[in-house]
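Notes follow the structure.
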Amino acid sequence: KFRGTGASRAISHLTMLACRCLWPLLLTVASCQLLPTVRQIGGQFESVHRGAASNWANYLYLYSFVEKANLTQAVRLQVASPSASREYPVLFVVRQQRSILSFQVPEILDGDRRYSDVSRTLCPVEYASKGTVDKNQTIYIDVSTASERPVEFTLNVTLVREFQLQIDRTYHQTITPSRPKYFKAVFPDGARRLSISAESDKPDCMIMSAQSVNCPVYDLVRNVEFAGEYQTMSTRAELTVERSSINGDSFYIVFVLKPSSEHCSFTRLNDLQPRVMADVYKIKPPIATTATTLSAAATVTTAAAVTGALGAVSAGPTSKAFKFRVSVSLDNSQYYLPVFGAVAFFACFHILAAVVIYAQQRLEARSSGDQSELSEDSESCDRLNCGADEAEDDGCADYSATVGTWRPLPQSPPTHSHEQWRHKYAMQAVPMTTSKKQLGSGGRDESADLDEEELSSPGEEAEARQPIMAEFNKAAAAAAQAAAAAAAADEEGRPRRLYLADLCQKRPALLRNKYRLYYWYLIIISIFYGLPVVQLVITYQQILRISGNQDICYYNFYCARPLGVISAFNNVFSNIGYVALGLLFLGLTRRRDLINKRRRALLGDREDNRGIPQHFGIFYAMGIALIMEGIMSGCYHVCPSYSNFQFDTAYMYVLAVLCMLKIYQTRHPDINASAHVGYMAMAIVIFVSVVGVVYGTSFFWIAFTIFFILSSLFVTGEVYYMGHWKVDVGLARRFYLLMTSQGIGCFRPMYKDRMAILAAANLINWTIAVYGAISRPRDFNSFLLYIFLVNLLMYTAFYVVMKVRSGERIHLQPLFFIGLSCLTWGAGLYFFMQQPSNWALSPSESRALNQGCLLFDFYDVHDVWHFLSAMSLFFSFMGLMTLDDDLVRVSRDCIPVF
């Protein structure tokens, strides 16, 4: 019994020991049956491998190759799995010596677009210093899926043998959103910048990026914007890379196709972009050129399948074919010729002006001395007081035969007689177009003179309040009667012709103070306006450098020449013409001002009542505005965009308005707009421009059209009635009284020539207004500028025509300036219409308009516009300054007003 019990215990112990030993083995066998089998396959380059992965069958591919010394080689793999689903994708994991890459098929982009054909370029292994010995490299590719059903896939691995690009060679490539590509570019010895230009016939949205040589490479739709410099591309793009902005002497060029075109449109930036109508600019496809194609290995025959979440085909690009080229850009040493050439060109204007002035002074010195000139002035001043009978024998009588009846005018009537004359003239000349408030002050508010007197400096007050000569007091009554008789209405109720003496009654010192405010206000405005502008453009440039997003600024990338922190130095520097010629015009204005002051000093107490009154305040303002136009245009071109377009155009409006004010001031010195009124009108124009660009809705266009037509009518009345016109609550009553007194005869024009010209001008303006309301141009800013330029041109033509019609002649000097201005304006507008960029479009659409350089491989068409427009503005200013030089020795009561 004892022995039987011991045997049974031994058997149980052996059984337990066996169970303990066999249990791990059983667990191992069970786990092996649960794990999928892994098929290890030695892969071959340039061949397609097919398989069917599942949760119990995985694949491991091994690819070995020899890395050549001192040569960067890249491996590109392409996989496809049309049967893979979003719930059970096929996973690919690629292991290299120093990096790992994973992705899935299908690839999901933008939430609902599935791509069953995916391609990746493996990051090349970069060593700090490569030796001369070749090295063996092995790539491991794991393929797996969680699907119970087998999922078929194909795999193709190729070596990109021409991964490193050659300079000045054109390459053709095709990409899809799931198959991006990148290449390596190396700076040649001595090169500081490389330019990468790309073109395509298809407008699908693509990202072109330049990144430093690092792993991983950001070549996916979701991360391509995370590193380096990049820009969107529809049909054209160019990227300039500086050696100083990257690490080392090489970089990667990445091309990624976006799944939808909204990345290259305003769709993503509705809150920041202008609210505009449909595109009016059509992008022209680039001209195809012959090129060399990269040698690529055989690709998977399965095309990229793009399907939506529900299995339907999604709208979006499937592939994009393009060509690109890497070339060496200009070095800083090659900037010297175009930069100093422009400086020398505009310096020639200063030299030529100095030579002409010197020659003119020499001729005047030889013809007559200062003493003879003084006696001649004295004699001319005495002739102004001659009677009508005496004038028949001198030049004044001859001039009156062509422009109207000669009328004597006193040198300076006393204040009391002067006010009596103004009141009587206003009551008799324009009874139906002038309000009662105006009648007491000759068409001006009585507070205006008080303000002007308060603005006068002590020196000017002393000059303005000089004792009136005794002979002036004696002639006061006769002068008032003569002026009233000249202004009295004829038998048909129409006022007689106005002459400059009628609108030149205010004291010259007060008018000089009034017009001096034009340039003082402009200086103050420019300081407060310019400093924030400089700060803002510097911030823009820093953001551009830090973010690498070159869609921020609308450059002409095909001719953007960087220098330092400025990305387009040529566009900034080409504005030097405005500054140089603005300084020259200020100098010429100052010279005329000094000559006028010297003349007044020679006359002493006598006042010269000949020629156009010389007030240079607006001329100074025009010169300052021309300089500021160059500075602000340069600031705008540091980073041109829809956010800072007003930097460039604000002073264009100022220049146009100042020119029109100057033309009007020439023969209406007493009733011209004051500085604060003029600049307030300019501010309203700029405000309308901003509203039109940002909120160009239907309501805005209707309101703008009505406002434009009413403004045209108001200005027409102002010009037609020569300043004696006011819109107030009494206008309807005055019109009613006129209708009841004269009937339909009141519609008969008093000044037929003026009416015909103004009617034609209104027809043109109304046509522009209707065109704008119908077409609604996207670039409202330029549309508004065109309106001002057209009206300035019409007003200048009106002035010249009326001047010729009045029997006045135009000297050769203003004709010379007018001719040069017409030539330069015509050529400049031709280049301006080329539009190498347009901020009213999206960045990629604007980039499609980019053009190559035109001069010295440095200046583009817009730079040429800068040069020509600076010259045309200068010549136009000089034409205005010298236009009435033929009236220098003509009495003001012989100069008609129009």
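A Cβ is built for glycine as well, from the same backbone N, Cα and C atoms used for every other residue.
Just so you know, TrEMBL annotations never went through curation; they're auto-generated.
Annotated region 'Disordered' per TrEMBL: 435-463, in sequence order.
Feature annotation from TrEMBL assigns signal peptide to 1-32.
Annotated transmembrane segment per TrEMBL: 335-359 (among others), in sequence order.
Residues or ranges marked as transmembrane segment by TrEMBL: 517-538 (among others). Among residues of the same chain six or more beyond the transmembrane segment (517-538), those with a C-beta under 8 A of the stretch's C-beta atoms are 455, 617-618, 620-621, 624-625, 628, 631-632, 635-636, 638-639, 644, 647, 650, 654, 658, 674-676, 678-679.
Annotated transmembrane segment per TrEMBL: 572-589 (among others), in sequence order. Remote same-chain residues near the transmembrane segment (572-589) are listed as 339, 342-343, 346-347, 349-350, 353, 566, 616, 619-620, 622-627, 629-631, 633-634, 637-638, 859, 862-863, 866-867, 869-871, 873-874, 877-878, 881 (criterion: CB distance under 8 Å, separation of at least six residues from the stretch ends).
The transmembrane segment annotation in TrEMBL covers 616-639 (among others). Sequence-distant neighbours of the transmembrane segment (616-639) (same chain, 6+ residues past either end, Cβ-Cβ under 8 Å): 512, 514-519, 522-523, 526, 529-530, 533-534, 537-538, 540-541, 544, 552-553, 566-568, 571-573, 575-579, 581-583, 585-586, 589, 592-593, 596, 645, 647-648, 650-652, 654-655, 658-659, 661-662, 665, 866, 870, 873-874, 877, 881.
Sequence annotations record features per position, and here TrEMBL assigns transmembrane segment to 645-664 (among others).
The annotation transmembrane segment is assigned in TrEMBL to 676-695 (among others). If you look at the transmembrane segment (676-695), the same-chain residues 6 or more away from its ends with a CB under 8 A from one of its CBs are 274-275, 517-518, 521-522, 525, 642, 645-646, 649-650, 653-654, 657-658, 661, 704, 707, 779-781, 783-784, 788.
Beyond its flanks by at least six residues, the transmembrane segment (701-723) meets 430, 433, 443, 498, 503, 664, 668, 671, 688, 692, 751, 754-755, 758, 761-762, 765-766, 768-770, 772-773, 776, 787, 795, 798, 897-898 of its own chain at Cβ-Cβ distances under 8 Å. Feature annotation from TrEMBL assigns transmembrane segment to 701-723 (among others).
According to TrEMBL, the transmembrane segment annotation covers 755-774 (among others). Non-local neighbours of the transmembrane segment (755-774) in the same chain are 701-702, 704-705, 708-709, 712-713, 716, 719-720, 749, 783, 786-787, 790-791, 794-795, 798, 801-802; each lies 6+ residues outside the stretch with a CB under 8 Å from one of its CB atoms.
Under the heading transmembrane segment, TrEMBL lists 780-802 (among others).
Remote same-chain residues near the transmembrane segment (814-833) are listed as 861-862, 864-865, 868-869, 871-872, 875-876, 878-879, 882-883, 885 (criterion: CB distance under 8 Å, separation of at least six residues from the stretch ends). Sequence annotations record features per position, and here TrEMBL assigns transmembrane segment to 814-833 (among others).
Taken from TrEMBL, the feature transmembrane segment applies to 864-883 (among others).
The largest share of C-beta pairs under 8 angstroms with the transmembrane segment (780-802) comes from 645-664, of the ranges 335-359, 645-664, 864-883. When Cβ-Cβ distances below 8 Å are used as the criterion, the transmembrane segment (864-883) is approached by residues 342, 345-346, 349, 574-575, 577-578, 580-582, 584-585, 588-589, 592, 619, 622-623, 626, 629-630, 633, 655, 659, 662-663, 799-800, 803, 810-811, 813-814, 817-818, 820-821, 824-825, 827-828, 831-832, 854-855 of the same chain, each at least six residues removed from its ends.
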